[in-house]
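To start, the structure itself, in C-alpha cells.
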Number of protein chains: 2
Amino acid sequence: MIKPRTPPGVMELLPPDQIAFQRMLDVIRRNYERFGFLPVETPVMELSEVLLTKSGGETERQVYFVQSTGALGKASAEGGAGEGLPELALRFDLTVPLARYVAEHEHELAFPFRRYQMQRVYRGEKNQAGRYREFYQCDIDVIGKDALSVRFDAEIPAVIHAVFSELDIGAFTIQLNNRKLMRGFFEAQGVADDELQALVLREVDKLDKRGEEHVRQTLTGEGFGLAADAVDRIMQFVKFRSATHAQALEALDALARDGANDALAQGVAELREVLDLVRAMGVPESGYALNFSIARGLDYYTGTVYETTLDAYPQLGSICSGGRYDNLASQYTKSKLPGVGISIGLTRLFFQLQKAGLVQAAGSSVQVLVTQMDAAHLPHCLAVASDLRRAGFNTEAVMEPGKLAKQFKYANRAGIRFVVVLGEDEIAKGTVTVKDMLREDQFTIARAELAGALRVELAQAQAQKDARA
Amino acid sequence: MIKPRTPPGVMELLPPDQIAFQRMLDVIRRNYERFGFLPVETPVMELSEVLLTKSGGETERQVYFVQSTGALGKASAEGGAGEGLPELALRFDLTVPLARYVAEHEHELAFPFRRYQMQRVYRGEKNQAGRYREFYQCDIDVIGKDALSVRFDAEIPAVIHAVFSELDIGAFTIQLNNRKLMRGFFEAQGVADDELQALVLREVDKLDKRGEEHVRQTLTGEGFGLAADAVDRIMQFVKFRSATHAQALEALDALARDGANDALAQGVAELREVLDLVRAMGVPESGYALNFSIARGLDYYTGTVYETTLDAYPQLGSICSGGRYDNLASQYTKSKLPGVGISIGLTRLFFQLQKAGLVQAAGSSVQVLVTQMDAAHLPHCLAVASDLRRAGFNTEAVMEPGKLAKQFKYANRAGIRFVVVLGEDEIAKGTVTVKDMLREDQFTIARAELAGALRVELAQAQAQKDARA
C-alpha cells in the first residue's frame, strides 16, 4: 500500500475551493477576452536549447528537466542545451514561450498581436509556504512589429481595473512608473551608472523594513557616497504617491521642470499620455496612482511599469505586475518586437487571499439537486432533471433512493441551493416541491413552470448582489 | 540565434484554431457541469513512487520523469520508485491521479463523488501523425464508497449525448456493452479462461481488417481449436448492433434465454436497466446501440463499457470511451471505491476533426473593432469601446490611427464581425457607423443605442442558427 500524496510545492484543492479558483480563472479570462486579447496555449515542455537561451543564473538553476524512460537510460551527454542537459524542460514562465511562439509564427500573426495565456509554469522553488513549484500565470501582452505606440501601455491598467473589479476582492490601486523617467531622474542626481542605479534602488526598497534613517545613512555613507541633498531628493522621489489624476500630472510637470535630460523628459511625456488615456478609458481616479519607487525587472522593462496592490493588504505585495519592453524575442529573430504586458500569479494570489479571508470556498457549481424517495419514481426524477439541464441549470439527480433528510443534508453540505422533491403526491398532480436552501423557503409549482421559477429566483439573487456592489 | 520551434509530438495552435479548440473545451466543461460533476485539477507532476504503483510494461516505458537542475547533478540512485528512478514524473492519464486524489482526500469528499477533470497528460509516444506526447483528456467519473448502483452507468451516455450534440460535429452513436455479459457469453461457448477470452477478442477485433473467413479459420484452427458452431455464435454475437431500443431489449432477452450462467444473467440485467434509464433521461433511440464486440481495457473494466463513434466517420474509431470498474484505488487505500467514467481525448479528436473538415477555425473571440481615423478622436473611440465592453462585448480598440480600408481589412482577416467607425461627423452628432462584416451591411446609430443594436443582431444570428439546428 502506497501513501497517496502530492509532491511538496504544488497546490491541490478540494472541489469547493477548486470552484472558487475556477471562477477567478473565468473572470480573468472573460475580461482578457473583453479587451480583445486572443487565446494562446503552448506546450508545457519546450526544447531545452530553445527555452534556456537567455536566462542564466537563478532562473536556470530552478528549471525542471524532462526525460522519458528511454532517454533516462542513455548517456546524458547527447542532445540538450550543449552542456549535456536533457533535451526537454518545463516552462518557467509564459514570456519565453510567447517569444518563441511569436518568432516561430511571425508571418502568420497579425500585429499588434494581442494574446492572453493562462497556464501553469514550473520552478524548482525552495519548499516554503506561499512558494509554489507549479503555479498558474495569467498573462496578457501586446506585441508590435518594429514599433508599438505607448498608447497600448494605457490599455493595460484598464484591463487590470476590469479584472480586479470583477474579482471583487477589495479596493486596489494600480501603481504606475516609467523606467525612462527613473533613469533620467537618477542621472540628474548624479547616479548615472546602470548598476549603481540598481544598487541604490535596492537600498531604497528597504525603506519600509529598515526605515528612512538607515537608508539615508547607507546612501550617504562610504559604499555609495552620495551627496546629502541628492539623497534627500531621491528619498522624496521614491516616497511620492499621487492621490488624484491632477496631482499625478502636477508631479510630472514638476519633474519635467526640474529635470535636465532626455530620458526624464521622454519618461514624463510617456507617463502623461498613459495617464490621460487611462482616464479616457474610464478607470476612476481612485484606481491608479503614480509611484516612482516601482522598478520591476531592471534588465527587462524599458518604459511603463505597473504594480497593483490591495489597499487594505499592502503586505501582500503586488498582485499583478508588468510593463513595457523593447524587444521580446531577440534570441529567436532579427525582427524587433516591442511589447507591453502583465502577469497575474493566480496560485499564489489565491493562497494569499485565502489566508487573508478574502476568498471563501464558493457555493457548489451544482445549482439544483433532484431528490429521490423511491426507486419507482426514478424515471420522473430523471425527466425533471433533464428538463432543468436543458433549461441551463447545473443539476444533480440522486440516483439511489433514500431518506429525504439525508439528501437535504447532502445538498446543504455541498452548497447546492435548490432541492427538488417529487413524492407520490407531486407526481400525481404534475407538480414539484422546491426547497430554497439559501432563503430557507419552500414552494410547490407545476413541473412546466419549474425552470422559469428558478430563473426568477436566481435573477433576484443577482440583482440583490448587483445592488450591494 | 536559436531556431524557435516546439518539440515533436505536441499540438500548438494559431489563435483562430485555438479559439475553436477552446470552444470545444467550453462545451465539454459546460455539459459536465450541467450534469452535476465538480471540477478537480491535480498537479502535472506526481511522485514517481505514487504514480507508478500499478502500471508496468508499456505505460511505464512511456513515462516522462522530471528533475530539477539540482537533482540532475546528484546521483540518480537516490529517491524515486525504488529502482533509482527520479522522484517526480508527469501524469500519463487522469485516472491514476483521480485514484490518488480520492484516496488522499477520502474523508473530505462526499460520496458518490462526481468529478470532472480536463487537463493535459504526457506520454513518450512514438512520433507520428495523430499521436501526441502532450494531449488533453476530458474525464468524468462517479466514485462510490463500498458500492455504486448500476444506475450511475446510465447517466454517462446522457452526458456523452449532451456533449457531442452541442459540439455539433455530426451524428454519433454511443455503443454499449457489458463485461459480465461478455464473460458469461464466452463461458457459455466453452471459452472460460480469461486469457483465452482476451485472445479470442483480439482475433475478433480483426474482423474489419482481415474479413470473416480469416477470423473463422483462426478460431477453429490449431491455436484456438474452437468448435465451428461456437465460432458461429461468437461471430454472430460480435457482429450484432441494435438499431432501436426494442431491438436491443429483444437481443438481451434472447441472450438471457439461451444463456446458462450467472455472469451472463447479471450482465443482461445491468444492461437492461442501463438502457431503460438512458431512455428515461431523454437520449433519443438513434443515439445509442448495443454492440457486443466492445471490450475496452480487459484488466480494468468490469461492467458497462462505452464507445462513441461518428456515424459518417467510423474510421476515426471511438471518440469517447470508458466504463465501469470495481475498485479505483486499491494501491492507495483499503476502502473499496467502485466507479464509472469516460474520457475524451480532445487533442487527438481535434486533429482528426480538422483533417476530416469537421471543425473550422472559428471566427474571432473579438466581436467588435472600434476603428480610429485620427489621433484626435482617440478619447471618443476609447469611450465607445469602454461602453461596449461594459455591455459585454469583446471589443478591440485600434490604438494607432490609420487608413480605414486597412482597419477593415484587418477585421476581415481576423474574423471580427462588427466594425465601428467614428468620424468627425459621427462625433459631432453623437452617432457611430457600424459595418456588419458578416451581412455586408452598414448602419448609423446613436451612440447610446449601439450596444442594444448589436445585441439584437447577435440574437438574430443565434436564432437563425438555432432554427437551422
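Every residue gets a Cβ built from N, Cα and C, even glycine.
What TrEMBL annotates here:
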type	residues	note
BINDING	B:D93, B:L94, B:T95, B:R123, B:Q137, B:D141, B:R296, B:Y300, B:Y301	L-histidine binding site
DOMAIN	B:22-379	domain 'Aminoacyl-transfer RNA synthetases class-II family profile'
B:D93 (L-histidine binding site), number of other Cβ atoms within 10 Å: 17
Conformational class of B:Q137 (L-histidine binding site) under the three-state DSSP mapping: strand
Within the predicted model, mean pLDDT of the domain 'Aminoacyl-transfer RNA synthetases class-II family profile' (B:22-379): 91
Max pairwise CA distance, angstrom, over record-listed L-histidine binders B:D93, B:L94, B:T95, B:R123, B:Q137, B:D141, B:R296, B:Y300, B:Y301: 22
B:T95 (L-histidine binding site), number of other Cβ atoms within 10 Å: 23
Spatial neighbours, same chain, of B:Q137 (L-histidine binding site) - Cβ under 8 Å, 6+ residues apart: B:D93, B:L94, B:Q117, B:M118, B:Q119, B:R120, B:V121, B:S343, B:I344, B:G345, B:L346
Site of maximum Cβ density within 10 Å, from binding-site residues B:R296, B:Y301: B:Y301
Helix, strand or coil at B:D93 (L-histidine binding site) [DSSP, three-state]: coil
